[in-house]
Amino acid sequence: MKAAVDLKPTLTIIKTEKVDLELFPSPDMECADVPLLTPSSKEMMSQALKATFSGFTKEQQRLGIPKDPRQWTETHVRDWVMWAVNEFSLKGVDFQKFCMNGAALCALGKDCFLELAPDFVGDILWEHLEILQKEDVKPYQVNGVNPAYPESRYTSDYFISYGIEHAQCVPPSEFSEPSFITESYQTLHPISSEELLSLKYENDYPSVILRDPLQTDTLQNDYFAIKQEVVTPDNMCMGRTSRGKLGGQDSFESIESYDSCDRLTQSWSSQSSFNSLQRVPSYDSFDSEDYPAALPNHKPKGTFKDYVRDRADLNKDKPVIPAAALAGYTGSGPIQLWQFLLELLTDKSCQSFISWTGDGWEFKLSDPDEVARRWGKRKNKPKMNYEKLSRGLRYYYDKNIIHKTAGKRYVYRFVCDLQSLLGYTPEELHAMLDVKPDADE
């Protein structure tokens, strides 16, 4: 990346290449005559960007755009993108891709956010969005006489406000590193079915989810930094709302409605983060028509097994777990990769290229290219290949959703509590699909 920076706080972008050689090397990757960024040049670029971004403050004041991007409406998002396009003379920006509110935009995560715009354009916008989010951090005391969160109010195009009853926080001193939510720690806390169902809330009500990232590097005078954004596994607070009680019980009866916001905050940190099942972004193709302005009154209960039993429109001969039905059950909107894999794994006709190994929730991609081809067809991405598919699988590793089985090629395992969500044990599914344990076992 090259940058020409004046004495004024402006930035001219000449050329860039977005390359992730460490994780996804590709022999046919286009190369350009662009010198490598050194630590000093990166710092120069960062400072130039920050100086230029400061001009957005006047635009915020002029248009009444909230400081916290998670509180932006679709109009605010559009105004922000328009400002960036004019400020940096950006080309090739498709404004239609940014038709979402601020909460959905911030929830995308870097990889998927970058897909919204051309290479260097997306990098610039993401850098600015991160800066805006960090600037909105405010401290709240959590020790002593003020153990509860103050009542928090959130607004968006579709959603209403909710108060948080309290949050139980794990003392940071028990861990040696700032990013201490390690795989081993998460594994000690298997995710419950109630938390699986909170996917519904995370997707239907993105702007009202509370995140409390109590990182050790933010500790100052017994204060923690608390931000309002979608929960990620980086936090370590177990929140609960006034009526929904979090306990490790796998009871669906305790959930009053999929479409209420009684359980907006869950133990996403000390347990596997199932909002990760939706990818960061759980909002790819976030369309307002998929998220009704009024809360539905129906109150379905039970497992996915119960859900499909009452669906006469489902073909009983084709997969046991249709991805579309599972997406509807969890409220995820567009079909996600984990749902698609479950569909293939429960379809007898797909056993030649993907199947259960017979060992619990472990499965094998016998023909990974065919799996990738079908995923690309489902998502209308004809260039999909296994390298790209595996990128999504890798994302699930540190979220304790899916793990790669060591020493076995193309073998993975669901490590989350699928049984409580689906209502099937792995043995039941194996029997229904005539799965025989692998001879290699």
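Residue numbers in this text run from 1 along the chain shown.
Just so it is clear, glycine is given a Cβ too, placed from its N, Cα and C backbone atoms.
If you compare K138, K381 in Swiss-Prot, the SUMO2 cross-link annotation sits on K138. Per Swiss-Prot, the annotated phosphothreonine among residues T182, T218, T265 corresponds to T265. Checking the ranges 272-278, 279-285, 426-432 against Swiss-Prot, the region 'Helix H5' annotation falls on 426-432. Feature annotation (Swiss-Prot): of 88-96, 304-312, 340-348, 349-357, the stretch labelled region 'Helix HI-1' is 304-312. According to DSSP, the secondary structure content of the DNA-binding region (335-415) in residues is 35 helix, 12 strand, 34 coil. The Cβ of K305 (N6-acetyllysine) lies under 8 Å from the Cβ of L422, G423, Y424, each of these being in the same chain and 6 or more residues away along the sequence.
Per-residue pLDDT, averaged along the region 'Helix H5' (426-432), amounts to 88 for this model.
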